[in-house]
Protein chains: 2
Amino acid sequence: MNEEINFEKNFVQLKELLKNNEINEFRESFLNHHLYDQSRFFLSLDPVERLEFYNLMSPKEIADIFDLFDSDDIDINPFVDEMSKEYLGEIFDSIYSDNAADLLANLEPETMKEILDSMDAEESTEVKRILHYDDETAGAIMTTEFVSIVANQTVRSAMTVLKAQAEEAETIYYVYVIDSQNRLLGVISLRALITSHDDTLISDIYNDHIIKLDVNEDQEKIAQYFRDYDLLAIPVVDTDNKLIGIVTVDDIIDVIDEEAASDYSGLAGVDTEDVSQNPWQAASKRLPWLIALLFLGMGTASLINHFDSLVSKASILAVFISLITGTAGNAGTQSLAVAVRRLAIRDEDKKNSLMTMILSELITGLITGLVTGITIFIVVSIWKHNMILGIAVGTAMFCAITVANLAGSLIPILMEKLGFDPAVASGPFISTMSDLTSVFIYFNIASLFIHYFN
Amino acid sequence: MNEEINFEKNFVQLKELLKNNEINEFRESFLNHHLYDQSRFFLSLDPVERLEFYNLMSPKEIADIFDLFDSDDIDINPFVDEMSKEYLGEIFDSIYSDNAADLLANLEPETMKEILDSMDAEESTEVKRILHYDDETAGAIMTTEFVSIVANQTVRSAMTVLKAQAEEAETIYYVYVIDSQNRLLGVISLRALITSHDDTLISDIYNDHIIKLDVNEDQEKIAQYFRDYDLLAIPVVDTDNKLIGIVTVDDIIDVIDEEAASDYSGLAGVDTEDVSQNPWQAASKRLPWLIALLFLGMGTASLINHFDSLVSKASILAVFISLITGTAGNAGTQSLAVAVRRLAIRDEDKKNSLMTMILSELITGLITGLVTGITIFIVVSIWKHNMILGIAVGTAMFCAITVANLAGSLIPILMEKLGFDPAVASGPFISTMSDLTSVFIYFNIASLFIHYFN
């Protein structure tokens, strides 16, 4: 997009205006940009430029920029340190409550408290309430800025309420219908409002078949509702069915990204999202896993050591160690990835679906093991002119793959049963585990045939 | 959500009404449900029930259900076979053009042509145009049902246009401003429209700093714009800046899911999305990869075979084969996953970022290799009371990890340079490749020290 490239060039021009303190020219040009581009400009400023910038902007305008920041990506501590607590209070008053809670949660407790104290009482209560909910639940990602109306009024009066709240609300495209106790009755879209006659009663046209979220609903499940129902926002209710917030689609896109990234990182055994780090930091993140797996791998080494006399007698056995462990590891990784995905999209109502999954993976393991085993039997028999060796290697391959397949599906299921996210079961872990069982199987089978190898 | 469970129970009741041909009761109860639930009910019907269902519903009502289907998940062929071409034509007239194109593209060419011929001329032209664009581009996922207005009119007249088009448009929350040549000038949100005075001129209030997509823009890039700018829809223009469609946020959620699933599948070396398949199908999907990697693994086996005399002399060497190949494979998988993510989010303007990536991964490999190498040196020296063996294994480990890290980042970069999706480079492939190099390094280093091992 050429817009974008032009904007990069505009940075220089904007910075010039800022430096020369050309207030009106700067503000006109700057505010004409999309908020995301404004935020990129802001992030490109050095501390001196930022102080000039704060002078030219209102707290509300800075709040709009902060609203785009995600605490996972951007550390606002340097900016917070540059501003007075009063100014910060005004900024945080204008940030949507879900984003304000996210940003505040990543500051020092002391700083967070000071900012909350400087905020408007009503706003800070809402933010505190969100801070209170568990991470990754509806309560933690919802915003409290939405439009609600009572049912016994006309479209005309509802539109008046909506216009009055339009400035504050995160979305005005869904209007929630509540009773006098703030209990959620239904929803009406702005599309329906503007296409209805002004004198129509809301009670006659609102949709009472509403999709809603419990405040403790897990964010992965919420993402599923957005996928299924193609909604722009979903209301959040407490145990009394009182409307306390809404989750909007833009927040859910971030959730979907996060979940996908964490599944991917889990499979690889490394946090792939933290890509800005330097090699030292990267190494320090990867080493714990590598060293832990190294010690697990020492188990395999001890096992081979245990069969040392076998290898001394027939050094040909060493030739197939890495082939069998490698292939079983590959099969286990495939099985693991499929199991993790199945668990994620599984219909939880179906009680016996876990058994079906395990059984299905066992059969898949048997089939792939059989085909791979026969293949390697043929290859080894021809290569080494030794069918007995072929049978030993082929049988070991068959057993090792079947076991690896089963382990690949059992381990994530086990993790879920134990209350962990099954996606953290990593490919490297499965491969290393499977090395151990494969070697065990291989040498036990080989020891049966040892007299035919030399 | 209790709604959902209740709805499952309602299935039985609804089917009863359908069976007894209680037209009004059925329609009232059915149409009161959310479209996604309607679609689930529809999918639960058997062929006989479906024929009764078609009798009670209008083509438009069936179109609303079809609009939720994604051809990747649902095969509409059985439904298409049950209906007359005229009825189908009416249904497809009412489906949003992007979804219609998606569903039609997965029918037999003959059937597709018949349906297109039965459709309204204007609608079928739009669908044909979308069918024409490359998969995974803006053109292929855009819809042509949007609201556009000219700039020289008031808010009042714009609202009249909008209300008239509200029924047809996929979203009415953004209204696009065009000139007399249909060239895109800017955008105005419905929020801005309803909070502006009726007599205000559109030309005074629309936003001309617009984010737009070229019709050939790749869908992964489009997803990035939605993430960055938090928009509900983005307009699509042709090379003359003429407005030809919009991409909406619900379509992009599907794209983000698809991309994440394909990255995940790539890393595992298996298509993890096709989870409905039976064990035979699953095995037939996984075997090609496993067998291909088995033959690559045969390279490693031949290499060990080549060093047979070394193993005969010192069977202790066999003990560390799987430890070194396994650990290097784990390091390579980590490096691969990080490289794939970095390539996906890389700023393409930065010319030398590839070089930086490779260099950074090399240094990370050196550090992790050094730490792991020293660890295994200590372990082996103590365990085997043989420092020379410790040095050999430690050095081999250090070299093997460094090479695996480098390969893990080079292979996806190479794939991208060759025009492939770097995400298809799989963990199992890297592990198997790395087995080969690790064994090569290990035995060459071991052969230098062979006289000290017994």
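Going from the start of the chain as shown, residues are counted 1 onward.
The backbone N, Cα and C atoms fix where each Cβ goes, glycine too.
Residues or ranges marked as domain 'CBS' by TrEMBL: B:142-205 (among others).
What TrEMBL lists as domain 'CBS' is B:206-262 (among others).
As annotated by TrEMBL, transmembrane segment applies to B:287-304 (among others). Long-range contacts of the transmembrane segment (B:287-304) within its own chain (CB-CB distance under 8 A, at least 6 residues past either end) are made by residues 269-270, 311, 321, 325, 426, 428-429, 432-433, 435-436, 439-440, 443.
Among the features that TrEMBL reports, transmembrane segment is placed at B:316-340 (among others). Sequence-distant neighbours of the transmembrane segment (B:316-340) (same chain, 6+ residues past either end, Cβ-Cβ under 8 Å): 263, 266-267, 300, 304, 310, 357, 361, 364-365, 368-369, 372, 376, 380, 384, 389, 393, 396-397, 400-401, 403-409, 411-413, 422-423, 425, 427, 430-435, 437-439, 442-443, 446, 453-454.
Taken from TrEMBL, the feature transmembrane segment applies to B:361-383 (among others).
Residues or ranges marked as transmembrane segment by TrEMBL: B:389-415 (among others).
Among the features that TrEMBL reports, transmembrane segment is placed at B:436-453 (among others).
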Do any residues, 6 or more residues outside the transmembrane segment (B:389-415), come within under 8 Å Cβ-to-Cβ of it, and if so which ones?
316, 320, 323-325, 327-329, 331-336, 338-340, 343, 354, 357-358, 361-362, 364-366, 368-370, 372-374, 376-381, 421-425, 429-430, 433-434, 437-438, 441-442, 445-446, 448-449, 452-453
Same-chain Cβ contacts of the transmembrane segment (B:436-453) under 8 Å, 6 or more residues past its ends?
296, 299-300, 303-304, 307, 310, 313-314, 316-317, 320-321, 324-325, 328-329, 386, 388-389, 391-393, 395-396, 399-400, 403-404, 407
Going along the chain, which residues at least six beyond the ends of the transmembrane segment (B:361-383) come within the CB cut-off of under 8 Å?
320, 323, 327, 331, 335, 338-339, 389-391, 393-395, 397-406, 408-409
What average pLDDT does the predicted model assign to the domain 'CBS' (B:142-205)?
92
